[in-house]
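*Asks:* Below you'll find the structure I mean.
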Amino acid sequence: MADKFHILLLNGPNLNLLGTREPDKYGHTTLADITADLSALAGSLGAEFSHFQSNAEHALIDRIHQARGNTDFIVINPAAFTHTSVALRDALLAVNIPFIEIHLSNVHAREPFRHHSYLSDIAIGVICGLGADGYHFALQTAVKRLSTSN
């Protein structure tokens, strides 16, 4: 790895519509706003940051595979794939990169089918219900964990 830690942010389906999609649940902040804020935060923490969003499960899996060997930590909002994707789980296990699962809304206060996650039991942690701030907490936690483990 390089001298700087590399953090990868992955966002799943429909998150490209943030800011306009159900703002009562997801807020008015756009994905572009979130990634710009995180890029600046990562820079201030001395970390490298990249991000990828896709509505396609296979594209997210491919990006996870590409992360092996050049990414130190993943922050992932799998969105609806949280509740359905064994394939994302298997990809994350295969690359063995620590990750935090994040959700803008409190999935436990929503429909029962949203209460189950195929990722949470293998994640370092799960952040939900804190809106865009949750992404900041996840990034800060990732850098702190990497800094104390090296």
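Quick reminder: no glycine exception, Cβ is built from N, Cα and C everywhere.
Here the structure is a predicted model, which means the values were calculated and not measured.
Feature annotation from Swiss-Prot assigns site 'Transition state stabilizer' to Arg21; the stated evidence is sequence analysis. Per Swiss-Prot, active site, proton acceptor is recorded for Tyr26. Annotation comment: Swiss-Prot describes Asn77, His83, Asp90, Leu104, Ser105, Arg114 as substrate binding site, evidence class sequence analysis. For His103, the entry in Swiss-Prot reads active site, proton donor.
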*Asks:* By CA-CA distance, flag whichever of Arg21, Tyr26, Asn77, His83 among the recorded positions is nearest to His103 (active site, proton donor).
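*Replies:* Closest candidate to His103 (active site, proton donor), judged by Cα separation, is Asn77.
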*Asks:* Starting from the Cα of the residue listed as 'active site, proton acceptor', work out which of the binding-site residues (Asn77, His83, Asp90, Leu104, Ser105, Arg114) are within 10 Å.
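*Replies:* Final answer, ordered: Leu104, Ser105.
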*Asks:* In Å, rounded, how far does the Cα of Arg114 (substrate binding site) sit from the Cα of Arg21 (site 'Transition state stabilizer')?
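*Replies:* Pair distance, Cα basis, whole Å: 17 Å.
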*Asks:* Per the record, substrate is bound by Asn77, His83, Asp90, Leu104, Ser105, Arg114: how many Å separate the farthest pair of Cα atoms?
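*Replies:* So the binding residues stretch over 25 Å, Cα to Cα.
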*Asks:* Is it possible to get the count of other C-beta atoms within 10 angstroms of the C-beta of His103 (active site, proton donor)?
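*Replies:* Result for His103 (active site, proton donor): 22 other Cβ atoms within 10 Å.
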*Asks:* Can you tell me whether DSSP puts Asp90 (substrate binding site) in helix, strand or coil?
*Replies:* helix
*Asks:* Expressed to the nearest Å, what is the distance separating His83 (substrate binding site) and Arg21 (site 'Transition state stabilizer') at their Cα atoms?
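*Replies:* Taking the Cα atoms only, His83 (substrate binding site) lies 19 Å from Arg21 (site 'Transition state stabilizer').
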*Asks:* In sequence order, what residues of the same chain, 6+ apart, have a Cβ less than 8 Å from the Cβ of Asn77 (substrate binding site)?
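*Replies:* Counting only residues 6 or more apart in sequence, the Cβ neighbours of Asn77 (substrate binding site) under 8 Å are Leu10, Asn11, Gly12, Leu15, Glu101, Ile102, His103, Leu104, Tyr135.
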*Asks:* Just how many other Cβ atoms lie inside 10 Å of the Cβ on Arg21 (site 'Transition state stabilizer')?
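*Replies:* There are 12 of them.
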*Asks:* Could you list the residues of the same chain, at least six apart in sequence, whose Cβ is under 8 A from the Cβ of Ser105 (substrate binding site)?
*Replies:* Lys25, Tyr26, Cys128, Gly129
*Asks:* Express the distance between the Cα positions of Arg21 (site 'Transition state stabilizer') and Asp90 (substrate binding site) as a whole number of Å.
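*Replies:* Each residue's Cα considered, Arg21 (site 'Transition state stabilizer') and Asp90 (substrate binding site) end up 29 Å apart.
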